[in-house]
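Below: one structure in structure tokens.
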Amino acid sequence: MRGWHHGRVADPSEFSFAVGTRLDGGRHGRTGVISTPHGEIATPAFIPVGTKASVKAVLPETMKELGAQALLANAYHLYLQPGSDIVDEAGGLGKFMNWAGPTFTDSGGFQVMSLGVGFKKVLAMEAVGVRSDQVIAPGKERLATVDDDGVTFRSHLDGSKHRFTPEVSMGIQHQLGADIMFAFDELTTLMNTRGYQEKSLQRTHEWAQRCIDEHERLTATRTHRPYQALFAVIQGAQYEDLRRKACRELESIRGSGGTEFDGYGIGGALEKHNLGTIVGWCCDELPEAKPRHMLGISEPEDMFVAIENGADTFDCVNPSRVARNAAIYVDEGRFNINTSRFRRDFTPIDENCDCYTCANYTRAYLHHLFKAKEMLSATLCTIHNERFTVRLVDRIRASIEGGYFDEFKKEFLGQWQGRIKAPGE
Ligand SMILES: [Zn+2]
């Protein structure tokens, strides 16, 4: 029913953020509510990833049942296949994949660059959950080159040549139609020199301006669609002055019509041990009234640290990716259901879990499904791991609201760091 939207103008007030309870002691952590045209997200929130408009092995209805408040898809993958124009014709990402709730898309920059020039960064980021098979082998041809205007890369599917610029990424993300989009930024690696980090930050700043301008133009043109929010991405690697400068500069950017960024993504090269420090620097500088997304984390200890220091949402492929390799999260740690000690274990994965898998299936059955290479193994384990991660963040949110965050963190991480060690792990 296109006519229903006839004549309307996409309205930025369709997107908003309200801060709820703050952590004490001058810390940036808080609860809140992000309102989007497709519904609300209570924060902090974990956003599961459906890279190609599908959370692998699990129905969108199941994702809703297990408590996912929003899903994140990837612009690079959907641009290559099926094409962002097809998703647009379908009525946008949510309609295309039968997900009625809020959606996010990333800019495609990470995939474009990690396939080529950014590969060293992926190595450096392994600690925060990036998959090592995205790393290209030494001596292999680089698949991407960056210049001041954009990135030229080859498709991982068929080797065909493509070019992303800030304008192209905005065009793709407007066609995909997610509620929250990210500006196109340049990735750096921890191995890059300080000089290169400075140069890259300048480039990311220029690209952010171009993203805002194009976003403003597309928002005015595509009046048949609800408002899409745009988040800037903060780079600056491990340098405090660069991170702070990036935040201040991105905050000051405006389109010619006055459009500003609706929120911020904290991205780029960082190591696990300085995750909290870096999030803290950024949240010192960023406006309190806007939401902050942390890209690519889902390990419990990382989520506690990121939330405490001010991150509101995060996404990660890990809970579902590791589930397909038989790795299971419980409060005591991560273990592998493949190991033989579970052959005759007729208890659920986790007695205290409220997911569909734990309500209906045993460890012995899941062990059997993996051994027999049954597809249901991926489905059942993904349901559990996604529920575990979503629920852990729900528990953290409740602990902030209830004023017992520090106690909960201590208790949970004490248990978690005990880590179940399966034989052979
Ligand atoms: Zn479960």
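Cβ coordinates are placed from backbone N, Cα and C, and glycine is handled just like the others.
So TrEMBL says this about it:
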- 29-417: domain 'tRNA-guanine(15) transglycosylase-like' (DOMAIN)
- Asp106: active site, proton acceptor (ACT_SITE)
- Asp106, Ser107, Gly108, Gly109, Phe110, Asp185, Gln235, Gly268: substrate binding site (BINDING)
- Asp315: active site, nucleophile (ACT_SITE)
- Cys353, Cys355, Cys358, His384: Zn(2+) binding site (BINDING)
Count the other Cβ atoms sitting within 10 Å of the Cβ of Cys355 (Zn(2+) binding site), across every protein chain shown.
24
Using the alpha carbons only, what distance in Å do you get between Ser107 (substrate binding site) and Asp315 (active site, nucleophile) once rounded?
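Pair distance, Cα basis, whole Å: 14 Å.
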Roughly how many angstrom lie between the C-alpha atoms of Gln235 (substrate binding site) and Asp106 (active site, proton acceptor)?
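With the alpha carbons as reference points, the distance is 15 Å.
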Counting across all protein chains shown, how many other Cβ atoms sit within 10 Å of the Cβ of Asp315 (active site, nucleophile)?
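Within a 10 Å radius of the Cβ of Asp315 (active site, nucleophile) lie 22 other Cβ atoms.
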Need the DSSP three-state call for Asp315 (active site, nucleophile) to compare against my parser.
strand
Using a 10 Å cut-off on Cβ-Cβ distances across all protein chains shown, tell me which of the binding-site residues (Cys353, Cys358) has the largest neighbour count.
Cys358
Please list, in sequence order, those recorded positions from Asp106, Gly108, Gln235 with the Cβ less than 6 Å from ligand 1.
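So the answer is none.
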Could you state the CA-to-CA distance between Gly108 (substrate binding site) and Asp315 (active site, nucleophile) to the nearest Å?
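Gly108 (substrate binding site) to Asp315 (active site, nucleophile), Cα-Cα distance: 14 Å.
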Which three-state DSSP class does Ser107 (substrate binding site) fall into?
coil
Would you mind reading off the Cα separation of Cys358 (Zn(2+) binding site) from Phe110 (substrate binding site), to the nearest angstrom?
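Cα-Cα distance, Cys358 (Zn(2+) binding site) to Phe110 (substrate binding site): 35 Å.
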For Asp185 (substrate binding site) and Cys353 (Zn(2+) binding site), determine the Cα separation and express it in whole Å.
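That comes out at 39 Å between the alpha carbons.
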Taking Ser107, Gln235 as the binding-site residues to compare, which has the smallest set of other Cβ atoms within 10 Å?
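Each of the binding-site residues Ser107, Gln235 was scored by Cβ atoms within 10 Å; lowest is Gln235.
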Could you give the Cα-Cα distance between Phe110 (substrate binding site) and Cys353 (Zn(2+) binding site), in whole Å?
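Here the two Cα atoms are 34 Å apart.
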In Å, how long is the longest CA to CA span across Asp106, Ser107, Gly108, Gly109, Phe110, Asp185, Gln235, Gly268, which the record gives as the substrate binders?
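For the residues that bind substrate, the greatest Cα distance is 15 Å.
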